[in-house]
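Here is what TrEMBL says about this protein:
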type: DOMAIN; residues: 35-309; note: domain 'Sugar phosphate transporter'
type: TRANSMEM; residues: 53-73; note: transmembrane segment
type: TRANSMEM; residues: 85-108; note: transmembrane segment
type: TRANSMEM; residues: 200-223; note: transmembrane segment
type: TRANSMEM; residues: 235-257; note: transmembrane segment
type: TRANSMEM; residues: 292-311; note: transmembrane segment
Amino acid sequence: RWDPIPNREMEKAESEKKASSVSDVGAWAMNVTSSVGIIMANKQLMSSSGFAFTFATTLTGFHFALTALVGMVSNATGLSASKHVPLWELLWFSLVANTSIAAMNFSLMLNSVGFYQISKLSMIPVVCVMEWILHNKHYSREVKASVMVVVVGVGICTVTDVKVNAKGFICACTAIFSTSLQQISIGSLQKKYSIGSFELLSKTAPIQALSLLIFGPFVDYFLSGRFITTYKMTYGAIFCILLSCALAVFCNISQYLCIGRFSATSFQVLGHMKTVCVLTLGWLIFDSEMTFKNIAGMFLAVVGMVIYSWAVELDKQRQTKATPHGKNSMTEDEIRLLKEGIEHMDLEDMELGDVKS
């Protein structure tokens, strides 16, 4: 009985595609869940009605310290392999990532909430432009339109008062550029050195942790006017710090996973689902105000994300049709000719060296 190999290859490709789709959904679910969870934990930890722990940069150092520890344990036990990445590339990436963290904190301190939200929204077009410049990546009209819908929707539900000052504007521009470059670099480094997301994170986390724990307290002193040594720890604050660190490990891993699987643009666009979740949970848990404007903006943002997912899938289908098929897939005529050829040719018995006709 003839069982053509292409059929088996197609079935294998379909099963791999389904498994990949499940992994993609899992990576996004982990990122959204851990990101929203860490925001809720930090809100309780840092708010004046909570534990008033105002040392955000140092807390980020704690996050990367635990992430680095998890990476070291994973490498030591053989759960993950360590691949070579030049030290200068790791240092460069860590510098960009830490600049992003510090600039975001300064931007939040110096700018109004409205301008801070606008600066975060502007990362989507900035990432698009940077990917076009660095990687010659082009976007279809459908993708561009969906990005605009998401930006407008999130802007409606988050932007309130908008006040701009020179120092705040510089910090916001630095934060936008460094964060966009960091997210693009994650995917670039993974492809360049064929390294997994967790392996890359385990290499960069120790450098980021060390630098943030050294310089973080001074940055926090500039922001809050207090050193962390003056803070009086309580069991509740310690629990929230540990919870925040644990969630940060999953958040960091899932961020590298998502950007490695998709792109920095997709991460930015679909990442605004976290904004919608945070607003909803803030209304449910912390009794935040929810107006018709918020609801309308969230609905528009979700619609934009759905359109974006459809537009990306449409682009993939167009690229598949435009790419000529290689000999990995066989046409029906090729299969028929191959079968006829096998029926009329002599098959040699490899063990006995005899010829069967």
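Using the three backbone atoms N, Cα and C, a Cβ is placed for every residue, glycine included.
What you see is a predicted model, and the numbers here were worked out from it, not measured in a lab.
Just going by CB pairs under 8 A, the stretch in 53-73, 85-108, 235-257, 292-311 that sits most against the transmembrane segment (200-223) is 53-73. Taking every listed stretch (53-73, 85-108, 292-311) in turn, the largest tally of C-beta pairs under 8 A with the transmembrane segment (235-257) is reached by 53-73.
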